[in-house]
Every structure is written in C-alpha cells, then in structure tokens.
Amino acid sequence: MATGRTHRPATRSRGIPEATVARLPLYLRALTALSERSVPTVSSEELATAAGVNSAKLRKDFSYLGSYGTRGVGYDVEYLVYQISRELGLTQDWPVVIVGIGNLGAALANYGGFASRGFRVAALIDADPAMAGKPVAGIPVQHTDELEKIITDNGVSIGVIATPAGAAQQVCDRLVAAGITSILNFAPTVLSVPDGVDVRKVDLSIELQILAFHEQRKAGEEVGAPEEAAGAAGAVPPPPVTPHRAPSGASGAPGTDSGRQGPDGDVPAVMPA
Ligand SMILES: NC(=O)c1ccc[n+]([C@@H]2O[C@H](COP(=O)([O-])OP(=O)(O)OC[C@H]3O[C@@H](n4cnc5c(N)ncnc54)[C@H](O)[C@@H]3O)[C@@H](O)[C@H]2O)c1
C-alpha cells in the first residue's frame, strides 16, 4: 500500500482550524448534558468550564461557526447542539465496521455510546472461522473473506481496527482498497495510508505512561526539597510517545502532536496515527 500523509491540513477547506474541530466534541458533550437537563442558555464561562476549555478559546471557536451568543444571555443550547452536530457531520448516520472481534472489538461492539452519537455498527468482522456467525452485541460476526462485500453493501466509510498489531496494516490496506476513508486504529502500530484517508489512533497504554511520568514527578516533589525536585523532574525524560506527525497550527487540540496536550492541558487518548 502506498504511504502518504495521515492527516488533513491544519485548516479545513471551510476555514475551521483542525484544533477547533478537535474541541467541538467536547462542547457537544457538555451541551448535550445541559440539553438533557432542559437548560435553555449557557454563558461562555459556564460552558467552557463544563467542557474543560478556556473561555476565550471557546468564544474564538464558536466564531468560526458564526455563533456569537447574546450579550447578557449567552448561547442558545439547542441551537448550538444542532450547529455543532451539523458541523461534525453527526446529523447523518455513519455506518461503522469493526475488524478484530476479540476482547476489545467485542467491548467496542457492546458500547452503546456509538449509536447515540450517530455511529451505527454495521458489521463485525474477524479472521477466525470459528467466530463466523456467532453474535456479539446482537450482531453476527462475519469472516474477513466477506470484508470487501460488507463495506460495499453497507456503504461504510469508517473502519475500526482492533486486531493484533501484526495484522493491522494488512487489514488497513484491505479496508482502504474497499473504499474506507477513515480509520480508528486501536492496534499498537503506525499505519500507512494513501492521501485522503484519515487515521486516528487510540493508545491507552501511552496515556498510562504519561500518568506514570507525572506520578513519578509528584513523588519526587514530595520527597525532595524544591530544588531537588526540580532537578529530579529535569532528569527524568518524558515517556515514549507514539511518533506521529501533526498538522501545523493545531496546537493544544486533542489528537494533535502538540506535546500530547488536550484542549486545556489534558492528554488526549486519541491521536492522529
Ligand atoms: N489502544 C488501546 O488502548 C488498546 C487497548 C487494548 C488492546 N489494544 C489492542 O487492540 C488489539 C486487540 O486486542 P484484544 O485484546 O481484543 O486482542 P484479542 O486477541 O482478544 O482479539 C484480536 C482479534 O483479532 C482477530 N484477528 C486477528 N487477525 C485478524 C485479521 N487479519 N483480520 C481480522 N481479524 C483478525 C482475532 O481472531 C481476534 O478475534 C491489539 O492490537 C491490542 O494491542 C489496544
């Protein structure tokens, strides 16, 4: 399979920076919670706190959507939910296939949160013939021999890879050849994809390594004097991080290369591959 970039440019054609796009799901999650409580309006400060983002950044992000709120009233919650959902393409149904139905694939298939966010698990695919036909989360597992047909028949454009690392590139190549243009990769390997295919990588062990680094530093600070702690912290290199390129100018967004930082200092669990 041809190699190529794994990311879109830092700014999308519609003029919304990639870093803003990466924060939209955080706003949407906070707004959905407000909507469920029938809260009609919200101030930028309240929403920023709920989303874990700085309020100036939030206002700037919303200006890209053409949403400025009303002075003294704030933002209309329902309208923002609609606007952000539309911007993220969530007002339509996205069929998704999961490849590799082991521990992780089965857990993902059973996760109810996808459907409520517009992602329908259209098919489960595994290479193990013994699994073919067995239901997982009420969906019969299909053999990889059927992969291309399944993708075509269901009009799928998003694939999730939950196979062992050694199989991931081959699965990725088949998904892409069959027409998949977005991949969520859980396998601990870097995938090569052609231009036009987006890959996001999830690696929880990297997140744990980063937490371990901070735990170690905190422990050093408790034990030593301030200058010793500073020396210790300086002497400990940051944990290894999956190498990945990031779009320039996407600083501070989840899923970018900007020092493993989330929107306001959080470490993202999902990153570009
Ligand atoms: N990203 C994370 O945070 C995270 C967390 C846990 C596991 N993982 C990774 O997820 C992957 C799956 O882990 P698991 O514990 O579910 O493993 P598992 O062994 O339970 O399941 C893997 C499944 O993939 C299937 N498979 C193997 N080769 C295949 C192929 N070519 N095509 C289709 N299916 C194939 C196997 O039959 C099996 O059912 C591993 O790569 C693991 O390292 C990632």
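Just so it is clear, glycine is given a Cβ too, placed from its N, Cα and C backbone atoms.
Among the ranges 26-65, 146-185, the stretch that TrEMBL annotates as DNA-binding region is 26-65. Taking the binding-site residues ILE101, LEU104 in turn and counting surrounding C-beta atoms within 10 angstroms, the largest count is reached at ILE101. Of the listed binding-site residues, namely GLY100, GLY102, GLY105, the sparsest CB environment within 10 A is found at GLY102. Take the mean position of the Cβ atoms of GLY100, ILE101, GLY102, ASN103, LEU104, GLY105, the recorded NAD(+) site; other residues of that chain with a Cβ within 8 Å of it are ILE98, ALA106, ALA107, LEU108, ASP126, ALA162, THR163. GLY105 (NAD(+) binding site) falls within a helix when secondary structure is assigned with DSSP.
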